[in-house]
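Below is one structure, written out as structure tokens, with a few remarks after it.
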Amino acid sequence: GKEGYPVDSRGCKVTCFFTGAGYCDKECKLKKASSGYCAWPACYCYGLPDSVPVYDNASNKCB
């Protein structure tokens, strides 16, 4: 798999600015990642399937 910042439906990073411990690990696992953590202020995932979109500065569509 790959690693990176998962994105929401708007193409924005998943924020962990106000979330508790374990939030990003849960969010990443919902996206079939092996694990994740809060790379404050956004979630970062490890072991993502190649089909899952991750944040890319070049093609960022976040509004």
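Every residue, even glycine, has its Cβ placed from backbone N, Cα and C.
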Cys45 has a disulfide partner in Swiss-Prot; which of Cys24, Cys28, Cys62 is it?
Cys28
Identify which of Cys24, Cys62 is listed by Swiss-Prot as the disulfide partner of Cys43.
Cys24
Given the disulfide-bonded residues Cys12, Cys16, Cys62, which lie close to Cys28 (disulfide bond), meaning Cα to Cα within 10 A?
none
Give the distance between the Cα atoms of Cys24 (disulfide bond) and Cys38 (disulfide bond), rounded to the nearest whole Å.
6
If you count other CB atoms within 10 A of each CB, which of Cys12, Cys24, Cys38, Cys45, Cys62 wins among these disulfide-bonded residues?
Cys45
Neighbouring disulfide-bonded residues, C-alpha within 10 angstroms of Cys45 (disulfide bond) - of Cys12, Cys16, Cys62:
none
